[in-house]
Amino acid sequence: MTKFVFVTGGVVSSLGKGIAAASLAALLETRGIRVTILKLDPYINVDPGTMNPFQHGEVFVTDDGAETDLDLGHYERFISTKMTRQNNFTTGQIYESVIRKERRGDYLGGTVQVIPHITDEIKLFIRNGVSDAQVAIVEIGGTVGDIESLPFLEAIRQMSVQLPHHDTCFIHLTLLPYISSAGELKTKPTQHSVKELREIGIQPDVLLCRSDRPLPLEERRKIALFTNVREESVISAIDVDNIYKIPALLHEQMLDEIVCHRLDILARPANLTVWKKLVHALEHPEHEVSIALVGKYVDLTESYKSLSEALIHAGIHTRCKINIHYIDSENIEQHGTGCLTNMDAILVPGGFGKRGVEGKIMAISYARNHRIPYLGICLGMQLAVIEFSRNRLQLENAHSTEFDPDTPYPVLGLITEWRDRCGRVEKRSAQTDLGGTMRLGGQECLLKPHTLAHKIYGADKVIERHRHRYEVNAEFIPQLEQAGMHISGLSAEGDLCEMIELPQSEHPWFVACQFHPEFTSTPRNGHPLFKSYIQAAISFAGQSDRTKLHSRNVQESVTTDSSN
């Protein structure tokens, strides 16, 4: 039977419950325990698919096509278990399910209430999400005291009563603010947070105390006394400069041992060799590159969380320090491409909406003309096709019908039909609801032999995750290929363009993909596409300034001649 670790948060949000849960899961996994993680989100949205990235951050896509919370990305990066749609659910999904049951008459005419119907549904969703795991870590979104979180907290309280004593463990993540005028960490917010948790019937077994400095022994004893938590279970969770140090930090304070003891699990000792090697590689780079990430959500970098992590993973495996420069594409529209001058590579990620599109196209044109390594992801591939069509094919005003429905050259259009991971035919139109209606999840991509993409992956076919509605218009593919663009990846049916590239005789590294490779990158293995991209950036950075300038001037001359 699965045992449960419930992770809650107090005082403020964004303390890092997801990282804490993932780090504990990583420790348990190194001890030979089968572990999974669930994220319970209290918001009423059915999923985050249509939420503003500035409010929610990144939408992480699972292999089975679920649009989920970004914490699931952390889970997959820290442990080997792949997440599914059952690893993340929201208040919206719970109420939707309960209302469907009420309409069917499942409650036999009874009055449907938060207790027991909503709480029972939450418990059912939790049990359905654990699969065959020995331990399921369940992260409750929000903070203790939020009205939205109360049904979830009540549900896990009930589970702790209904299950055997050693089958549940409660971990509470809280904040210890440092007051500089007093010169000390203040424990009162933590005391009140735990008091509120205990008032609803939950006694935490472990406290993770977030702070910017180590927790002094006296404060540790004080917290233990006032919260009814054993002193050794009050753990200092200090700020670190990279998240991959956290498993070792928690292991040093015996968090995994405390949890195993609480759950009555006998397991082998933790082996952190892999994590220590990752941290060592991060802290001892042999190279350094600057990457321009040109997007529209750059004011909230969590909008590109998996992408920034994938670049860091590639840096680990190429012994390279990655400096990511987040550049607002609207600034390029207003002030030009001068901000790209000292970059060693350019990346245009996915996105939605017309705002900032022309700035991204300008960045792509700069990368192509100056032979700077370029990686386009999702929208970044679509805009590369638009840029190439306008400037190489001379198709003036070529565009995507997403941004210009009346474009004379619709080089990208809405997908109307495709097959999902189960082989079912999906059909969409411009009038279809936005939520959950994209081409989502893992899709097979066939790689053409003798292309850079095939060389990078070393395989004939790969499975990568998608999240988009628009695709390259097949009518324009012959013109694109005739002008020198290589269509290096196709969908399993061979009718959708998945990858494009320029020949290396023309450009050293210009690759773009319709899918999101960042969703499958892990610190342990990296991702072949990102590793190759960083290698290309290292090579470009290694050129002398004179060589770079000559390369750029020659390419500009060639481009000007071809335009004439």
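Cβ atoms are placed via backbone N, Cα and C, with glycine included.
Annotated region 'Amidoligase domain' per Swiss-Prot: 1-265, in sequence order.
The Cβ of Lys186 (CTP binding site) has 15 other Cβ atoms within 10 Å, all protein chains considered. Sequence annotations record features per position, and here Swiss-Prot assigns CTP binding site to Ser13, Asp146, Ile147, Glu148, Lys186, Thr187, Lys188, Pro189, Thr190, Gln191, Lys222 based on sequence analysis.
The Cβ of Pro189 (UTP binding site) has 15 neighbouring Cβ atoms from other residues within 10 Å, across all protein chains displayed. Feature annotation from Swiss-Prot assigns UTP binding site to Ser13, Lys186, Thr187, Lys188, Pro189, Thr190, Gln191, Lys222; the stated evidence is sequence analysis.
The Cβ of Gly18 (ATP binding site) lies under 8 Å from the Cβ of Lys39, Asp69, Leu70, Asp71, His74, Tyr75, Glu139, each of which sits 6+ residues away along the same chain. Positions annotated as ATP binding site by Swiss-Prot: Ser14, Leu15, Gly16, Lys17, Gly18, Ile19, Asp71.
According to Swiss-Prot, the feature Mg(2+) binding site maps to Asp71, Glu139, an assignment based on sequence analysis. When Cβ atoms from all protein chains are considered, those within 10 Å of Glu139 (Mg(2+) binding site) total 27, not counting its own. According to its DSSP assignment, Glu139 (Mg(2+) binding site) is in a strand.
Annotated domain 'Glutamine amidotransferase type-1' per Swiss-Prot: 290-543, in sequence order, evidence recorded as sequence analysis.
Summarising the annotation, Swiss-Prot assigns L-glutamine binding site to Gly351, Leu379, Gly380, Met381, Gln382, Glu402, Arg469. Mapped onto three states, the DSSP output places Met381 (L-glutamine binding site) in helix. Shown in sequence order, Met499, Ile500, Ala512, Cys513, Gln514 are the residues of the chain, 6+ apart in sequence, with a C-beta less than 8 angstroms from the C-beta of Met381 (L-glutamine binding site).
Packing around Cys378 (active site, nucleophile) is summarised by its Cβ count: 23 other Cβ atoms lie within 10 angstroms of its Cβ, all protein chains included. Taken from Swiss-Prot, the feature active site, nucleophile covers Cys378.
Per Swiss-Prot, active site is recorded for His516 (among others). For His516 (active site), the same-chain residues lying six or more positions away in sequence with a CB closer than 8 A to its CB are Val61, Ser306, Gly350, Ile377, Cys378, Glu464, Arg465, His466, Arg467.
The active site annotation in Swiss-Prot covers Glu518 (among others). Here Glu518 (active site) comes close to Ser306, Leu307, Glu309, Ala310, Ile377, His527, Phe530: these same-chain residues lie at least six apart in sequence, with C-beta atoms under 8 angstroms from its C-beta.
Counting other CB atoms no more than 10 Å from each candidate's CB, the binding-site residues Leu15, Ile19, Leu379 peak at Leu379. In this structure the C-alpha atoms belonging to Thr190 (CTP binding site) and Leu15 (ATP binding site) are separated by 13 Å. Counting other C-beta atoms within 10 Å of each candidate's C-beta, the binding-site residues Ser13, Ser14, Thr187, Thr190, Gln382 are led by Gln382. For the binding-site residues Asp71, Glu402, the greatest number of Cβ atoms within 10 Å around a candidate Cβ is found at Asp71. When other Cβ atoms within 10 Å of the Cβ of Arg469 (L-glutamine binding site) are tallied across all protein chains shown, the result is 17.
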